[in-house]
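Enquirer: Sequence annotations record features per position, and here TrEMBL assigns active site to GLU171. Sequence annotations record features per position, and here TrEMBL assigns Zn(2+) binding site to HIS170, HIS174, HIS180. Per TrEMBL, domain 'Peptidase M12A' is recorded for 72-271. Under the heading transmembrane segment, TrEMBL lists 15-36.
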Amino acid sequence: MKTQILNLNNWPRCILVLCNFGFVEFLQIVLCNWYFIFSAKPIKYKTADSMTKKETAVLYDDIAKPKTLSRNADPCTAKGCKWPKSGSYVYVPYFISESYSQKERSIIIRGLQSFNVSTCIRFVPWKCGDRDFIYIENKDGCWSYVGRQDGGQYISLNKGGCLHQSVVQHEVLHALGFNHEQVRSDRDTYVRILFENILPDLKYNFEKIETNNLGTPYDFNSVMEYRNDAASKNGKPTIVAKCNPNLKFGNAKEMSANDILRIKRLYECCEYPVDNYTVSN
Ligand SMILES: [Zn+2]
């Protein structure tokens with residue numbers, strides 16, 4: 001079971017003092033890393049992400065769960081796990097670990113940028129005073145918490161298989177409050193889940209959730225859709241489309257139009273022309 005590993009509500013006083021006096025950003029970064037490295041207690045995850053399939057990282061069992069709250073995608077967004085809106089935009093502070101190379105960092109930045117240009121989400125560099133933020137780190141697999149957590153949260157993007165546009169978008173969508181396509185409340189209308197083919201320990205990843213589907217249809221092209229054979233114990237399909245049992249899905253390279261529409265509806269983005277807002281390095 002995955003558990004909450006971060007709570008930055010009680011940052012060391014020295015950090016706050018340094019921030020209040022406007023200490024250089026570099027020192028903030030060092031201190032932040034120090035906190036994460038020495039103070040956070042990473043949990044060993046029973047991750048099933050396939051880090052060997054570099055072209056199509058398998059993203060099942062990639063949701064981290066807090067210890068005290070059982071939060072599920074859209075249901076939690078009705079209870080406070082949405083990121084707050086300020087004016088027309090939703091600002092999400094981010095911090096990218098220094099462990100990534102410039103090239104790897106660029107992939108992550110590009111993934112964040114894709115939200116900035118298509119929705120009212122604005123990923124902005126973390127700064128002192130930002131209480132809630134995402135910390136993108138090279139941990140063990142590709143995973144994220146669902147929705148905003150209190151006081152900072154990891155998104156793990158392992159260098160060995162998670163640095164793809166689709167994977168960055170997938171994990172960020174979790175952090176924004178979205179869950180997998182095949183767990184949505186109306187999934188039985190569109191797919192059959194073949195539990196008999198699923199690895200026993202991973203069956204919980206296929207349990208239906210009372211999601212708010214935001215008036216959007218089930219989307220086989222969603223970047224949040226599992227592959228047909230996700231978590232299969234025998235190579236046979238675990239998800240079958242009712243409209244076409246031979247349909248292959250779960251290989252989206254980027255967010256679908258529905259993925260973007262859901263963000264806009266959940267966060268009540270105004271329809272506006274794409275601007276030139278950029279995510280800085
Ligand atoms: Zn996922």
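Heads up, the Cβ atoms here are built off N, Cα and C, so glycines get one too.
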Enquirer: Helix, strand or coil by DSSP: which one applies to HIS174 (Zn(2+) binding site)?
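Expert: It is helical.
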Enquirer: In the three-state scheme derived from DSSP, which category covers HIS180 (Zn(2+) binding site)?
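Expert: Once the DSSP labels are grouped into three classes, HIS180 (Zn(2+) binding site) ends up as coil.
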Enquirer: Please report how many Å separate the Cα atom of GLU171 (active site) from that of HIS180 (Zn(2+) binding site), as a whole number.
Expert: 10
Enquirer: Can you count the other CB atoms that lie within 10 A of the CB of HIS174 (Zn(2+) binding site)?
Expert: 25
